[in-house]
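Features of the protein shown, as given by Swiss-Prot:
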type	residues	note
BINDING	Arg96, Asp97, Asp168	S-adenosyl-L-methionine binding site
Amino acid sequence: MTDILIDNTATETVRTLIRAFPLVPVSQPPEQGSYLLAEHDTVSLRLVGEKSSVIVDFASGAAQYRRTKGGGELIAKAVNHTAHPTVWDATAGLGRDSFVLASLGLAVTAFEQHPAVACLLSDGIRRALLNPETQDTAAHINLHFGNAAEQMPALVQTQGKPDIVYLDPMYPERRKSAAVKKEMTYFHRLVGEAQDEAALLHTARQTAKKRVVVKRPRLGEHLAGQAPAYQYTGKSTRFDVYLPYGTDKG
């Protein structure tokens, strides 16, 4: 489990939020590795020996740029957002793609199994709901803490199948800005090994009603070595589309 250092300045709202996740409260940072820091109104991810931190902030940075300047055109085509209103993001991570999908007006159910990452994302969604510029989009995201492959079958029984299951498994990309490389370093050290890709894709194809959309680097291998039905390719990113079992179109 991940350590969390709770500063004296942490608000009661933040303290309540972090109690929802199996984290280990500590009185000082660990000697090495990563940890969460709760201070003021924010939860951040820190790496021992580094000054910078990672937070989920949908109102600034890359998230703000994509929200105000666009940048979701390819993903919109891949999910066919006008025809498929419900999406389950089975690999939510820090929620960037969940937020883009929600900004398209889709109802997004986001799954994140790592407690520290889920805590960061939950905190980011909470703050986005308080910001007039992001609250409408954030309201379209419903976060589930747990393993998507384990939770999706049960959720289908109560909510029915989603139109789309979206996957963005971790993938080592070479051409990254220094800031993104540092953030991914934090993230990889925290999360460790990726999920069983074949099992995840199998469950996704059992779950989706219309299609499974997998985000990959433009020149990256197919997920679990399985060729998609078709794909949408951009300058640096590719979206592979798989059809649910027993269907021939999505």
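Placed from the backbone N, Cα and C atoms, the Cβ positions cover glycine too.
Positions of the features from Swiss-Prot, shown on the structure.
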{"residue": "Arg96", "record": "S-adenosyl-L-methionine binding site", "Cβ within 10 Å": "18"}
{"residue": "Asp97", "record": "S-adenosyl-L-methionine binding site", "Cβ within 10 Å": "23"}
{"residue": "Asp168", "record": "S-adenosyl-L-methionine binding site", "Cβ within 10 Å": "20"}
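In this record, S-adenosyl-L-methionine is bound by Arg96, Asp97, Asp168; the longest C-alpha to C-alpha distance in that set is 11 Å. When secondary structure is read from DSSP and collapsed to three states, Asp97 (S-adenosyl-L-methionine binding site) falls in the helix class. Neighbouring residues of the recorded S-adenosyl-L-methionine site, listed in sequence order and excluding Arg96, Asp97, Asp168, comprise Asp89, Thr91, Ala92, Gly93, Leu94, Gly95, Ser98, Val100, Tyr166, Lys215 (Cβ within 8 Å of the Cβ centroid).
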